[in-house]
């Protein structure tokens with residue numbers, strides 16, 4: 001009894017100790033001896049003197065346990081205790097065992113040092129089995145789990161004081177495969193009490209995380225099990241790369257490593273607990289899942305229902321394009337206030353105050369519209385928009401300051417100015433722009449004190465006079481002129497509508513004083529200064545002898561001049577016939593060759609504007625309507641506009657303007673181009689409609705070319721035009737240049753940028769700012785300075801600044817290259833110095849990709865270093881016409897000669913290869929489209945490409961024969 005009593009007493013004491021708190025995992029119990037309702041009936045081996053079952057009463061409930069305290073002094077203690085068969089089922093592959101036990105301290109036995117063979121540990125073992133094996137112990141089949149040692153052992157003193165501690169041991173059994181198992185406890189000599197044994201497995205419980213629900217999950221035998229969550233109602237998976245919500249169930253039944261999460265849909269936000277998505281209340285919105293919470297509707301917007309994703313603007317308020325739902329709604333501004341003006345001559349200043357209501361925006365802008373009316377505002381006469389001569393400073397649109405300066409107005413005319421206030425939401429509603437207007441009647445523009453009357457013709461009883469009006473009259477201006485004519489005997493007044501008058505019924509050989517003034521609905525203007533004119537003396541009835549001699553001499557002189565003209569025209573016709581026979585000209589310009597006026601420099605005129613009118617047609621600005629800016633020229637902006645000549649239909653034109661800030665000497669340079677164009681008439685030369693020189697801004701009006709400059713047109717339509725279309729365009733350019741050369745003009749700036757294309761793909765030569773007249777067909781023009789377009793200019797023109805028709809032929813070859821390369825820049829990124837050196841060394845541009853061989857041969861002929869060997873434009877035109885008539889000849893692709901490839905001096909490869917990288921090489925031969933093909937094939941160095949064959953290129957996906965030929969020819973050039 002000595003070994004039993006102390007242990008039993010200890011059990012009664014320790015059962016009163018609290019158990020440790022449960023784990024977070026969900027535990028499913030398979031066996032728990034502490035809940036047993038009767039004796040456990042476990043297998044004891046040996047049946048006696050070993051483990052024994054004990055019963056204790058706790059709070060009226062029996063508690064069954066096992067204890068073993070062997071006789072001390074024996075070293076061969078071998079006591080076994082086996083549990084009943086524990087059914088595991090098919091679910092859990094990993095179970096846990098929890099032991100509650102006490103162990104007596106060996107030193108607490110009588111003797112102090114502990115009895116012989118006393119131990120303080122015992123062993124836990126298990127055996128798997130698909131069924132109950134009965135009372136057969138089968139010790140060899142058990143596998144050891146662990147050696148169980150007590151953290152706290154007790155002594156007799158602990159029993160007496162009631163401080164015995166209960167030990168708890170947990171261990172796991174993994175990767176179980178049978179339907180059940182047995183537990184066994186092997187005691188090698190410890191005094192131990194097995195208070196309870198619990199066998200269980202763990203599950204990850206159902207849970208919520210990140211607005212996603214995760215189900216109850218069984219862990220795996222080892223490692224983590226990934227489980228996908230399900231988003232709660234009105235929630236969606238995050239669009240971020242983390243993706244849908246996921247968590248990982250650990251073998252211990254705990255949720256670990258959350259990845260991703262759900263977010264509430266637009267119109268919903270997380271509830272206070274973060275476990276549900278609730279609708280945004282009315283008056284608030286949530287536009288996207290990136291917004292953390294519902295937001296209050298911005299000003300002037302509302303959301304009447306719950307769950308709104310956007311707040312709608314209230315009536316009369318809007319959001320400007322590009323403004324998001326988070327921006328407050330705003331309205332258009334009210335009209336400008338207190339519009340006033342001050343006038344000085346034909347200039348006007350308008351001022352106004354900002355609108356009283358800006359609509360809640362800061363981007364208020366103003367627009368000013370000008371109308372010229374035949375009557376006053378009270379008369380209600382018809383009005384039309386002001387012409388191009390009216391200018392607004394700083395502008396008429398998008399004004400940020402409430403003021404504008406207007407000039408270019410006409411005297412004695414009625415104007416109405418309308419000022420509109422606009423902001424970012426103007427025009428979004430049904431209401432129009434808020435505006436205010438003012439009507440103004442202009443007075444006298446200026447004094448006529450500087451007006452000069454000029455005598456046109458005089459006779460004994462008539463005087464024809466003309467004068468320059470102070471400003472051109474516009475339609476509806478109702479201007480008339482009143483002349484005051486007097487001499488010593490009479491005085492008369494006469495009114496005319498034009499600045500020209502024929503005074504009749506005058507006295508012969510009499511002096512008359514004449515002055516003029518303008519009459520308008522506002523009243524008469526001031527008179528001009530007095531001018532004296534004298535009529536011719538009366539003609540006598542008979543001729544004197546001297547007069548008869550003069551008449552005879554005049555007749556003889558006229559006959560001689562007529563005879564000289566006839567001889568000159570006969571010889572000229574003979575020369576023209578001989579020239580046509582030599583050149584076999586076919587162009588339309590040969591059919592009607594005109595004798596053109598020789599080029600006259602405007603500086604030779606005392607009045608250069610009058611010189612320009614000798615070669616051009618002066619247009620009335622009232623016939624023009626400016627639409628939009630289409631470009632910026634050397635002298636000013638270029639506009640698209642409309643020209644309506646009297647009794648003719650409207651036509652679209654291009655309007656080049658001379659800006660007011662140009663230096664004083666620039667305007668005659670501007671008009672010089674018009675004087676040259678005015679002498680040309682050819683379907684492939686840009687047609688001049690006329691000029692405006694009598695009012696600022698000075699303008700040149702030409703026909704409008706819908707497709708703009710040739711180089712930009714080709715870049716936009718790369719691979720859309722077939723070779724036949726390109727040849728037709730080149731034939732047109734050659735025809736125009738042939739016309740110029742036959743009239744002894746050298747262009748000096750022939751390039752694709754100076755060729756214009758209309759809607760029918762007809763090309764016309766333009767930009768004659770550098771054009772000069774040669775003395776004869778083979779003449780030269782030498783310039784003293786100025787910039788030269790190196791990439792398009794012949795070498796002799798670069799070196800000696802001497803320009804001929806042959807230098808234009810060289811430029812035409814560059815234009816051909818531009819056309820066949822669809823607008824590429826000649827010579828790429830080479831500097832001008834590198835271009836000049838390469839040309840002097842004999843290098844020429846390589847053929848463009850898929851360039852027909854006959855066209856490249858023409859290019860090379862144009863680039864002959866000796867200018868005498870270059871073909872004339874007539875032969876170029878004829879050759880291009882032959883190619884158009886025989887399109888099959890365009891199928892042959894030009895060979896790529898690597899000896900003509902332009903090499904940059906800065907490139908220095910190895911082994912005779914002038915390129916550092918494969919991409920540089922492919923770009924130089926215009927095969928850069930295949931850079932990825934070479935990279936994918938692993939050909940990243942120039943040494944790798946030297947052994948390529950046609951079969952290799954086919955396998956790489958380069959199948960076009962012309963492209964294969966170009967690449968292989970270049971490689972062969974490296975080898976040579």
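Glycine too: its Cβ is placed from the backbone N, Cα and C atoms.
Listed in Swiss-Prot:
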type	residues	note
SIGNAL	1-25	signal peptide
TOPO_DOM	26-547	topological domain 'Extracellular'
DOMAIN	27-209	domain 'Eph LBD'
DOMAIN	332-445	domain 'Fibronectin type-III 1'
CARBOHYD	414	N-linked glycosylation site
DOMAIN	447-538	domain 'Fibronectin type-III 2'
MOD_RES	599	phosphotyrosine
MOD_RES	605	phosphotyrosine
DOMAIN	624-884	domain 'Protein kinase'
BINDING	630, 631, 632, 633, 634, 635, 636, 637, 638, 656	ATP binding site
ACT_SITE	749	active site, proton acceptor
MOD_RES	781	phosphotyrosine
DOMAIN	913-976	domain 'SAM'
MOD_RES	930	phosphotyrosine
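Residue 414 (N-linked glycosylation site) is 31 Å away from residue 630 (ATP binding site) when you measure Cα to Cα. Taking 632, 634, 636 as the binding-site residues under consideration, the smallest Cα distance to residue 930 (phosphotyrosine) is found for 632.
For the domain 'SAM' (913-976), the DSSP counts in helix, strand and coil order read 41 helix, 0 strand, 23 coil. One way to see the shell of the ATP site is to take the Cβ centroid of 630, 631, 632, 633, 634, 635, 636, 637, 638, 656; the remaining same-chain residues with a Cβ within 8 Å of it are 657. DSSP places the residues of the domain 'Fibronectin type-III 1' (332-445) in helix, strand and coil in these numbers: 0 helix, 53 strand, 61 coil. Counting every protein chain shown, 21 other Cβ atoms lie within 10 Å of the Cβ of residue 749 (active site, proton acceptor).
According to DSSP, residue 632 (ATP binding site) is assigned to a strand segment. Taken together, the residues in the domain 'Fibronectin type-III 2' (447-538) have a mean pLDDT of 78 on the 0 to 100 scale. Site extent for ATP: among the recorded binding residues 630, 631, 632, 633, 634, 635, 636, 637, 638, 656, the largest C-alpha separation is 14 Å. In the structure as shown, the Cβ atom of residue 638 (ATP binding site) sits within 10 Å of 17 other Cβ atoms. Counted over every protein chain shown, other Cβ atoms within 10 Å are most numerous around 414 among the recorded positions 414, 630, 634, 636, 930. Comparing CA positions across the recorded positions 414, 632, 634, 638, the one lying closest to the residue listed as 'active site, proton acceptor' turns out to be 634.
Separating the Cα atoms of residue 638 (ATP binding site) and residue 414 (N-linked glycosylation site) is a whole-number distance of 29 Å. Taking the Cα atom of each, the residue listed as 'N-linked glycosylation site' and residue 636 (ATP binding site) are about 30 angstrom apart. Counting only residues at least six positions away in the same chain, the Cβ atoms of 638 sit under 8 Å from the Cβ of residue 632 (ATP binding site).
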